[in-house]
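Annotated region 'Disordered' per TrEMBL: A:378-435, in sequence order. The compositional bias 'Basic and acidic residues' annotation in TrEMBL covers A:378-396. Taken from TrEMBL, the feature repeat 'ARM' covers A:524-566, A:870-912, A:952-985. According to TrEMBL, the feature domain 'U-box' maps to A:609-792. Taken from TrEMBL, the feature coiled coil covers A:657-684.
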Amino acid sequence: MGVALTRSAQWTAAGYGTGTLEITPLNEEILKEIIVFVEHFIYKYPQEAKFVFVEPLEWNTDLKPSAFQSGYFFSETTVESQEVDKNGQPLLFLSVPKIKVRSFGQLACLLSIAKDTKLKEAQACIEGNRDPVVKILGSEFGEMKEDSIALNILNKIKADDDHENEIKMKIAILLKELDLHLLNHTLKYISLQISLNPVTVKKDIELLQSFSGKGEKTVLESIEYTSDYEFSNGCRAPPWRQIHGEMCYVLVKPHDVEVLCITCSTEGVFLNGGKTDDEGDIDYERKSEVYKDLVTLLKEKSAIFSENMSKQEFTFNEEQKNPIEEKQIKEKEAVSGKVITSSDRPKKNEISFVKTHMAKRLEPSLNWRTKVDFKIHKSSAKDSQEEKHGRLEKTRPSLSHGKTVDKTEETISESSSESEEDEGQPDHRQEANADLPSEYWQIQKLVKYLKGGNQTATVIALCSMKDFNLAQETCQLAIRDVGGLEVLINLLDTDEVKCKIGSLKILKEISHNPQIRRNIVDLGGLPIMVSILDSSYKSLKCLAAETIANVAKFKRARRAVRQHGGINKLVALLDCAQNSTEPAQSSLYETRDVEVARCGALALWSCSKSHSNKEAIRKAGGIPLLAQLLKTSHENMLIPVVGTLQECASEENYRAAIKAEKIIENLVKNLNSENEQLQEHCAMAIYQCAEDEETRDLVRLHGGLKPLANLLNNTKNKELLAAVTGAIWKCSISKENVIKFREYKAIETLVGLLTDQPEEVLVNVVGALGECCQEHENRVIVRRCGGIQPLVNLLVGINHALLVNVTKAVGACAVEPESMAIIDRLDGVRLLWSLLKNPHPDVKASAAWALCPCIENAKDAGEMVRSFVGGLELVVNLLKSDNKEVLASVCAAITNIAKDQENLAVITDHGVVPLLSKLANTNNDKLRRHLAEAVSRCCMWGRNRVAFGEHRAVAPLVRYLKSNDTNVHRATAQALYQLSEDADNCITMHENGAVKLLLDMVGSPDQELQEAAAGCISNIRRLALATEKARYS
Amino acid sequence: MNRKKLQKLTDNLTKNCKHFNRSEVTCLIKLFYNLVGDVAERPVAVVGLDRNAFRNILHVTFGMTDDMIMDRVFRTFDKDNDGCINVSEWVNGLTVFLRGSLDEKTKYCFEVFDLNGDGFISKEEMFHMLKNSLLKQPSEEDPDEGIKDLVEITLKKMDYDHDGKLSFADYEKAVREETLLLEAFGPCLPDPKSQMEFESQVFKDPTDFSDM
């Protein structure tokens, strides 16, 4: 027992002496075994059960005296057993909360009394008596070592032959047995558990990484290792922690809780003490329960994780499964007669119906995965326990051979990125062999000819295969399931041009299927296709590029294209103008250069969805070529070109290049195209580029505003509408553009779009109106067209991007007193005010900005503000935010609120002065300006001037005068002027060198600033004079 | 052959030949006489390449292997069926063989594949041409079954009028739809690589012949 308890049981690291048992599954298991032992002791060895311990086992119990019944004498706080020893001492004595027990019999009774809390009692008992053997049998038994036990026992028996010792011996042996049993048991338990290993942990983490990032749909914000260095055994923990079975530490930032620092050890994962701030060391102490894996832990800790995870669950599980398990699941499903229905998984396109149908019908006759893992699969399919062994079996050999390790790691790292929508499709192969469609057999036959035929037969087979409906999933999957994909990809590696062409023609079609794409990448098809891009046959290049365009729809594929140098080659395809020296003779398999360029653009479009690829395209000199191609008039060409540009315009580098390459002109030109898809991509590209002022001007100069305004009338195509409204929004940031839009009557149309549109459109429409309404004429137009009502109605939405824009637009409208009256009537101010509670800081800030003109222009504003119950307190409390924009906006709102004396009194009571004073130390000019304004307003009440001085707001304010922003100067000078009414503040200002700074301001061309600065100086001067006077008189 | 005669021959052939220019024709004529041997010694005899010599060229220069196809190519070149290819047959044949348009090549290939020259490619002919195209699997009961099946597949694909044989119209339509089917029953055109080698070798330096 001793050995098991000291070695196997997991004591908390802290304080070994008084240590407590950790609550781990292993400890629980040990305790349970001990309980069983004690409970059975009384039946198995009745005589020994009566043996009185040398020393009582003592611990603190939770049991109430009232729980004891017959066989005990009990008072309110004590219980004595009726059973006594030779000296008349009770064998069990409880004096709340201490309990002493002196025999196994009593221990067993106690446990039966404890019922549900058995485990707790046993734990307390073990914790209270770190060496139970010594207490039970006396110290001489405690010293027994395993090796000498038999000898010891013999000696004992020889030494004194009395009855008691015999029993003692027997108990000693029994305890020894228990000890052994416990050790064995724990061992068994440990091996039963799938203990984590570096490979599985790494895989988990990489998977989670792929699901992480910004945005609402991801499961986590970020997850990363604390250390980049990976030891050769796959662990990242420092060696002295690896001894404890710890493998790595990860920092996880879930959406809803603080950063979690997690230890991954072989026993499971748990929270540790986190990173200590100064040296970046980790506090290794365990701070939570042990969970079986990361996902379980995170589910427990983060609600958003568990929620988003359940959405991803299916995909995730799918990813996690090794091929063998996947196969296993298939089998299980086949056994239970279940077939995955299309509703079970995220479906992406129209094929899901066919798929369920297929699932029942096709059979994996030449399944490449099954072949590989067949042996392991067989051994692991029996039951769940063996399944676990199966998994261990699988990982172990892979660790022993260097080569295979690489391989597994590669697959792991690859699978990590399979997160994108189109990879979400579970890879299902068909099991039941009944009812296969006739195509399946025909395709199987053709694949046979492909494999066993010469060039002629191969071409015939390829041509015949092409006649099947390759858009249909039945055929796509049939080709794969009969092993056709391998053959097709192998053909690409031959010298036979005709075979390559035929094969690519088929691959191009079937790669529309997401599963096939993944299979093509798995089979290493991409590098071969990339190398074909170098071919001298244009039609081959075209086909290869088109197939790449289809395959590179997911991250891993895009990465593969880049890593094999595909981006450079694809960019080279765009360069059709320079290859104009066509060979005199055109061979049979040639196409036009334009077509090559088009296919290249198509492939680049697919590839350009990855950030690194965008960079690679730029580096390969793709932008000038795209700009060149943009001058053509073929729609087929323009769509992929503009699509690529639009994808890439998310990068700052590109936007600059797009401007430099004069691409905007052509984008604008193509807005006039007939093709809606082309229009959409052009508008989208303009939308992304028009953040830049010069670009906005270019759009106007090239006459792009009119087509944009005209496109607003096409309300049927929502994608187009969203892109167009987006472009209008960004363009209308420039005043000149707004004037044009007004000319084109775009504002009226925009107002009309405020209702019954999808959110993507609404966000842009409202954003555009918000920009337009910065001007008086437009505000009038919006009001006249009845735009205010729908705008106010949108204030109740939940989309935060929309809310930011709506509040801005409403705020812009509120500048007009007449519009304000309407907003007030619609209760818009209350809605705005309630948005101050929105969790998004952007919305808060935007709402607070919008409130400013509302308060300014509302009739009876003071009364209105007071009518919002708790509203003022809410505003004041927002000063505790840590977002600069929120703070600035709230300061501005407070400035407006404080214009009303009563309200100023209320916010003063809510402690606005100390809060404002606390913010004073800032370098943000926007915040400084509004803060100074708020301070100057708040000085108007009671002893607030003095209070600002007491809260040390004056000195930092003086420093604002050193800022470069005149607005800050004006606001600060005014604030200082107000503050200088108090003598102490004057002293502080003077001490901080305000006078010199203010003297400079007096010379400013800004009148208000002049006046305020002069006023402030005069106050300071007057104080000085008064002091002098007082001194000399 | 004297220069005047050669000049005249070249002029004649160049006139009728679409895809070669004069200097190229000159080169081909020169090559022809090189292959045939010194003509001057046998001025009257039928001048030309016989079957074996021609097959040898096809095999060595253009990498063709199928005897039957090579025979058929010879027959197609040999327009007058005299068992040997004369200089005009040589030049005119190579025009299509090397640089023919798709239509010309279609016609040429059909002629090659139409073994008996009856204007149709019958099932038997197809079988004949395809019989070596599949790897024989010892396990199969009927080794010809695969070939028969392949013939059926081809018919299904190309026989538009469903008469169980391929007419030129069928063949032309199928090729138009899928260029890959041009050489449906075996390679009878030079593969691009050997074609390029041949042309670069033969047309290397046309000025050499200008003063012949």
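Using the three backbone atoms N, Cα and C, a Cβ is placed for every residue, glycine included.
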Query raised in the report: Apart from its near flanks, which chain residues at least 6 from the ends of the repeat 'ARM' (A:952-985) lie with a Cβ under 8 angstroms of it?
Result: 916-917, 920-922, 925, 928-930, 932-933, 935-936, 939-940, 945-946, 991-994, 997-998, 1001, 1004, 1006, 1008-1009, 1012-1013, 1015-1016, 1019-1020, 1023
Requested in this report: Please give the sequence-distant neighbours of the repeat 'ARM' (A:870-912): residues at least 6 beyond its ends with Cβ less than 8 Å from one of its Cβ atoms.
Outcome: 833, 836-837, 841-842, 844-849, 851-852, 855-856, 861-862, 918-919, 922, 924, 926-927, 929-931, 933-934, 937-938, 940-942, 944
Requested in this report: Go ahead and report the DSSP secondary structure tallies for the repeat 'ARM' (A:952-985): helix first, then strand, then coil.
Outcome: 24 helix, 0 strand, 10 coil
Query raised in the report: In the repeat 'ARM' (A:524-566), how many residues does DSSP put in helix, strand and coil?
Result: 32 helix, 0 strand, 11 coil
Query raised in the report: What are the helix, strand and coil residue counts for the repeat 'ARM' (A:870-912) according to DSSP?
Result: 34 helix, 0 strand, 9 coil
